[in-house]
Amino acid sequence: MSASQGNVFTRGLSRISRRKKKTKSIQNSLVSEQQPSFDAAIVPMPIPNDKSSIFSKGMDRLRRSLRLPKKRRDRSHDRHLSPDVTGGSKTEQWQPDEGAVRTGTCCFNVKYLGSVEVYESRGMQVCEGALKSLKASRRKPVKAVLYVSGDGLRVVDQGNSRGLLVDQTIEKVSFCAPDRQTDKGFAYICRDGASRRWMCHGFLATKETGERLSHAVGCAFSICLEKKKRRDEETAQVNVQSAQESTSSTPPKDIFHPNWEDNTSEGTSTQNPSNSRSNLAYQSFRKHVSIEDRYLDPQSVIINEVPASNHMDEIRRISKPRPTGNPALFLRQGSLRAPPDMPSSSDQFKRNMSLRTVSNNPTERSPEKKSFGTQLYNEPIYEGDEDPLGLGITPPVVTKTSGSLSNNGLDGINLNWKSIPAPVHQMQQHNANGDFVAAWPQNTIEKPTVGPLDKLQKQFEDIKLISISSGENTPTTRSKADEWLDDVLRVSMSMSPTSPSSDPPSTSSYSVLPKSGPPPAHAPPPLPVRQAVSNGSPSIYQQQLQQANSTRNSPAGINWNSSPNPMKISQPPAKPVDPFDVQWSRLAVNNTH
């Protein structure tokens, strides 16, 4: 057992010793073959003994920690080859940026400060002032990535949103410059497409300098200019080719009247293979443009062709008149669709007379009906009795003729009637005897005599002639009592038994008291207190009531044909009539009709 066990231990120890010998030989070979280089910083350490294996393991870990990672080793290699070390210029350092801009892969990590409106399209002072104002604002900068290409500038948010902050075409950019106060600052001025204002966008580069960003944008300017020149040249060439093709095309008569039996066109097509692809669809893209340019800007590859024109198009051009609106739509149309035979629709609708037919001739107009409502002119309201006896007799409507245009107090009174006042003592004598009919004045034909009323008539006729010739109306002021007396006078004249109201006789012995003028030949009888008027002028009706004190009946109520003695007819005594009741009853009757 002991021998076998000893053999086991001895074999194990020998194996361990062999391994240690191999590791020592490997380390010695590495140290001998190792040469100095910039890739790894190796610290020369003394070779540990066999007894210090733990120390050797710790040193190996230290060596591994001192070695630079691969990315840092690449950057250190670039640092050794940088222009600052080698003495090269900045343009050589930024030379790869131009190729990256052409391929559309140039990008920089920046902090987007925002945009502010400026009032000039170029200038370093303008950009520096905009950057200063953006830094002074309390807006938090946004971490973003600036992509620079020949088409435009794009700013993409680097946060969670990954949204597009700015998408600016390079044609709209007018100026760009770095900030001379800070190395990381950069700004460019562009025209805003929506508001048409000059806006300045500010950036702060995180890893690069503002000069490098400005150089990349300058490369984008040059690439855009080259594309524009190339596009203009190709467009000019295409225009020349299209003009040549239009001149060498077949005449119009051959187009409208083709000869299908002629095979000359087939021979020409076989001789010139280029004519077989005369369709413009095959020539719509430029053949010499590279795939990269087509991928970056596919719209610029398409040729803007001018349509070919021939003289037949000029023949077909017909000038069309300028469209005009219907003039009837601009005419003001009334609400009434009246027949064409009417004079005008506006005459049928007037203020306060929408349901009346009013003629244009002022001489044929009927007098307007008096009402208690609002009137167009300030006229006194009639408050007297139109039918004082309650017999249903209305005063006749007197129409004005062309000769009586002036408004005076004697309008409607026939001044041709000759008036002789009846003596009062005779009337009283007949009344005492009971013969009331004899006391009533009778019509007698007398010779024309010149009395005070005739003089008054001549005076008023002269006034009318003067007013008609001068075209002015004599202003008269009439009181309510005067109007009431005139109306009572017309009623009493219409109640005359011997003279009808429609055609009054030329002469009459009926006494007429005018509204104004000289007094009559004799004084009138005294008036009762309850029938006296405020102005003190008596009426005809009051004189008749004084004459018939016994019966108080009106002569118009006597039946002249049936009874010779009117005193035998019993009539109820006349009751006083309220003028307001008469007016309201008349309005009610008119409304029912």
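A Cβ is built for glycine as well, from the same backbone N, Cα and C atoms used for every other residue.
The region 'Disordered' annotation in Swiss-Prot covers 1-97 (among others).
Summarising the annotation, Swiss-Prot assigns phosphoserine to S17 (among others). The Cβ of S17 (phosphoserine) has 11 neighbouring Cβ atoms from other residues within 10 Å, across all protein chains displayed. DSSP gives S17 (phosphoserine) a helix state.
The compositional bias 'Polar residues' feature in Swiss-Prot is assigned to 27-37 (among others).
Residues or ranges marked as compositional bias 'Basic residues' in Swiss-Prot: 64-74.
In the three-state DSSP scheme, S65 (phosphoserine) falls into the helix class. Long-range Cβ proximity for S65 (phosphoserine), meaning a same-chain Cβ under 8 A and a gap of 6 or more residues, is found for none. The annotation phosphoserine is assigned in Swiss-Prot to S65 (among others).
Feature annotation from Swiss-Prot assigns domain 'PID' to 102-255; the stated evidence is sequence analysis.
The region 'Disordered' feature in Swiss-Prot is assigned to 235-278 (among others).
The feature compositional bias 'Polar residues' is assigned by Swiss-Prot to 236-251 (among others).
The compositional bias 'Polar residues' annotation in Swiss-Prot covers 261-278 (among others).
Under the heading region 'Disordered', Swiss-Prot lists 331-375 (among others).
Annotated compositional bias 'Polar residues' per Swiss-Prot: 354-364 (among others), in sequence order.
As annotated by Swiss-Prot, compositional bias 'Low complexity' applies to 493-511.
The region 'Disordered' annotation in Swiss-Prot covers 493-581 (among others).
Sequence annotations record features per position, and here Swiss-Prot assigns compositional bias 'Pro residues' to 516-528.
Under the heading compositional bias 'Polar residues', Swiss-Prot lists 532-565 (among others).
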